[in-house]
2 protein chains.
Amino acid sequence: MSGNGKPVGVAVLGLGNVGSEVVRIIEDSADDLAARIGAPLVLRGIGVRRVAADRGVPIELLTDNIEELVSREDVDIVVELMGPVEPARKAILSALEHGKSVVTANKALLSISTGELAQAAETANVDLYFEAAVAGAIPVIRPLTQSLAGDTVQRVAGIVNGTTNYILSEMASTGADYAAALADASALGYAEADPTADVEGYDAAAKAAILASIAFHTRVTADDVYREGITHITPDDFESARALGCTIKLLAICERVKVDGGQQRVSARVYPALVPLSHPLAAVNGAFNAVVVEAEAAGRLMFYGQGAGGAPTASAVTGDLVMAARNRVLGSRGPRESKYAQLPVIPISLASTRYYVSMHVADEPGVLSSVAAEFAKREVSIAEVRQEGVVDQGGQRVGARVVVVTHRATDGALSETVAALEDLDVVQAVASVLRLEGTNP
Amino acid sequence: MSGNGKPVGVAVLGLGNVGSEVVRIIEDSADDLAARIGAPLVLRGIGVRRVAADRGVPIELLTDNIEELVSREDVDIVVELMGPVEPARKAILSALEHGKSVVTANKALLSISTGELAQAAETANVDLYFEAAVAGAIPVIRPLTQSLAGDTVQRVAGIVNGTTNYILSEMASTGADYAAALADASALGYAEADPTADVEGYDAAAKAAILASIAFHTRVTADDVYREGITHITPDDFESARALGCTIKLLAICERVKVDGGQQRVSARVYPALVPLSHPLAAVNGAFNAVVVEAEAAGRLMFYGQGAGGAPTASAVTGDLVMAARNRVLGSRGPRESKYAQLPVIPISLASTRYYVSMHVADEPGVLSSVAAEFAKREVSIAEVRQEGVVDQGGQRVGARVVVVTHRATDGALSETVAALEDLDVVQAVASVLRLEGTNP
């Protein structure tokens, strides 16, 4: 294949970290990309909010008229890197309606509008690629949609947010509390001025929705994903985790589950969880991401790499861009959305996993028995209990702490148990409830 | 997309571990596969050497007439799982000539005949997929050809042979010698009756050729790959490795290198190497595989999972089968061979890495200086030297051992140095020469 076919026109929307890198690669690697595509990629324009001479690209490429740019005759592919949900949604829909293929990294948009975007791509018979929307440079979307297309995915569990992984890694290694670790992450540029989307798990939930959708051939939106952030995690939690041979990670978990009667359902959830140190995800530290996929025939696979940053994300975006361009040149199309299974998503109360419950209790005989009875009543089986004295600064024993680790139980049963424990006279407070993932039941 | 389009006919060649699993998945997951493809997959026949009633499939599906099977009108896709090079090559070429898409896991064939097969697929305008040929269930081919299509791959380094990784892991953890670890692997079914292809590195070299071809858009054959096996590795080597904070792994390494004048070349090589325990590949044990890819924009990625076995390999094969079938239904085609770069492959003498050299020396003053001089003469810079006494069983000092770890040097300079060391009067023998990979220079 030679690189001298009819040029493929590209419009890039957004000129932030990722957009600038994509523009750089299109220019610096022009010969290689042309050879791989079979035709040169030509940058027709860059959509920005503010047209100015100091953006590092020829000013005549810049435009703030997105609508005009995405509908240009000589544009074949639109690369959307503007975020947030709007105006990106409008621009992508307009591009698709004008018959352009679209590459996007916009997880927030995809996690609420996949159906709408996929339908528009289908109607226009063009490509909609979004490898960069989950786990940055790490190929996850393509392996799930293509490599595992003949397999049955049972579970996807990943560390898909670099900010929270940096904060939790810091807390684990330095003993810092949440506020200090967040301040550290901000100082290093790993956390945004308003870190809410990351630390409250919204970003991970959007990615979980995308992963669950493709893994289970079912449309799952961010609203279907149960979500807890990491702001309540304390150094005490890390100490307890260590005592149990674990660390704490914010996980996005997508599971195929069977409910009574054998029907299949999907569970999608994001929360901080205890993870055994022997589990491969436990060793994923700092701003790195990793996704573990368990499939019936393939067994356990792991994908690891940089989940964010301008260059890594640009790598995934340009990969998609080259594939979309090749399809244009060859008159082909890439994989479509697969949503045939349409498995219902279960509420968190029906999801089951293991739990760690830490509580402050009265320092008197019989407490353990009362606590254990509440678990037993709701058929939550206890795997391990530890009771230890709590001492004040003078070394005087002032109370006791009980830590319970359960076998597998539903979240509903566990929540009821915790509510009942809080009502017990001998329990002063339930200090912490965390899930335990990545172990056998 | 509904699953009721015109059926896609499939012929499977070979009914071993992998073939049986592929047939099982086609039957057990028929509804899911049909929904994903947009049409049912129909198994038209299975090519075997011996047609018999005890093969676990309806006898009327079996045929020993491969030529007839691959040319049947109602066959759209041929899945080749027969091995070895012949008769697989003839069957695949015939299938392609008859306009069938082909899925194969035959790394030995691909590593010597990629060009011929790719050309035949191009002429017939059909797909040739081979995800299962490298690292079993682990998606590696697709990420390299598609996800990284916009990036510049610098290096691929992998543990891609489960048999040798099992043997080396055993030697590392139990202190066993090579023969004992091989016997153990054979007893567990991890090594074949004739283990030559695995332990001498032929299998890994075939995979290195495939990886180098796709990573660097260049046709690389198994003959271009420098190859050393693991049969000479001793418990002493593992002891020295441990002392250096390393373990020993059989690595397949594909590198983009710059030669004088800045021109790009490819280095492809397979050998046992010291790997620092902190490197992600050091933790890949037993029959598992892992591939680390370093690309300019993406940075370092790692893919991990089961590299062999019936079910994992069948997962990769059926993934390819579903993609080829979707392309049939949609009138599309998957990615073609990309060989535009045609970078020359350098001989091992020009490849550069770090080295570990262990030698028995005379136990007298001045030895270290004589040894060091030979390295210096050839501009091989020494990073670390250790000298220790060798004692006999009675505790009597009977000689000395010198271990040298070098900085980065060419294999040619190192070989000359080793030859010169062997000629030195004070050197009794060069006991072991191993490369050191995965560190900074």
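Every residue number used here counts from 1 along the chain in the order it is shown.
Using the three backbone atoms N, Cα and C, a Cβ is placed for every residue, glycine included.
Keep in mind it's a predicted model, so treat the numbers as computed, not measured.
What TrEMBL records for A:LEU13, A:GLY14, A:LEU15, A:GLY16, A:ASN17, A:VAL18, A:GLY19, A:SER20 is NADP(+) binding site. In sequence order, A:GLY47, A:VAL48, A:GLU80, A:LEU81, A:MET82, A:GLY83 make up the list of same-chain residues 6 or more apart from A:GLY14 (NADP(+) binding site) whose Cβ falls under 8 Å from its Cβ.
The NADPH binding site annotation in TrEMBL covers A:LYS107. Residue density at A:LYS107 (NADPH binding site): 25 other Cβ atoms are found within 10 A of its Cβ, drawing on all protein chains shown.
With a 10 A radius on its CB, A:GLU192 (L-homoserine binding site) counts 13 other CB atoms from all the protein chains. The annotation L-homoserine binding site is assigned in TrEMBL to A:GLU192.
What TrEMBL lists as active site, proton donor is A:LYS207. A:LYS207 (active site, proton donor) falls within a helical segment according to DSSP. Remark: A:LYS207 (active site, proton donor) has A:LYS107, A:SER111, A:ALA133, A:VAL134, A:ALA135, A:GLY158, A:VAL160, A:ASN161, A:ALA252 as non-local neighbours, by Cβ distance under 8 Å and separation of at least 6 in sequence.
Sequence annotations record features per position, and here TrEMBL assigns domain 'ACT' to A:356-438.
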Quiz item: So of all those binding-site residues, A:LEU13, A:LEU15, A:VAL18, A:GLY19, which one's Cα sits nearest to A:GLU192 (L-homoserine binding site)?
Solution: A:VAL18
Exercise. State which of the following binding-site residues has the fewest other Cβ atoms within 10 Å around its Cβ: A:ASN17, A:SER20.
Key: A:ASN17
Quiz item: When you tally the Cβ atoms that lie within 10 Å of each candidate's Cβ, which of the binding-site residues (A:GLY16, A:GLY19) has the highest tally?
Solution: A:GLY19
Self-check item: Listed in sequence order, residues not in A:LEU13, A:GLY14, A:LEU15, A:GLY16, A:ASN17, A:VAL18, A:GLY19, A:SER20 with Cβ within 8 Å of the centre of the NADP(+) site Cβ atoms
Solution: A:VAL12, A:GLU21, A:VAL22, A:VAL23, A:LEU81, A:MET82
Quiz item: Looking only at Cβ atoms, how many others are within 10 Å of the one on A:VAL18 (NADP(+) binding site)?
Solution: 26
Exercise. Might you list, by sequence position, any residue in that chain lying six or more from A:LEU13 (NADP(+) binding site) with a Cβ less than 8 Å away from its Cβ?
Key: A:GLY19, A:ILE46, A:GLY47, A:ILE66, A:LEU69, A:VAL70, A:VAL78, A:VAL79, A:GLU80, A:LEU81, A:MET82, A:ALA88, A:ALA91
Quiz prompt | Secondary structure tally of the domain 'ACT' (A:356-438) (DSSP, helix then strand then coil) | solution = 24 helix, 38 strand, 21 coil
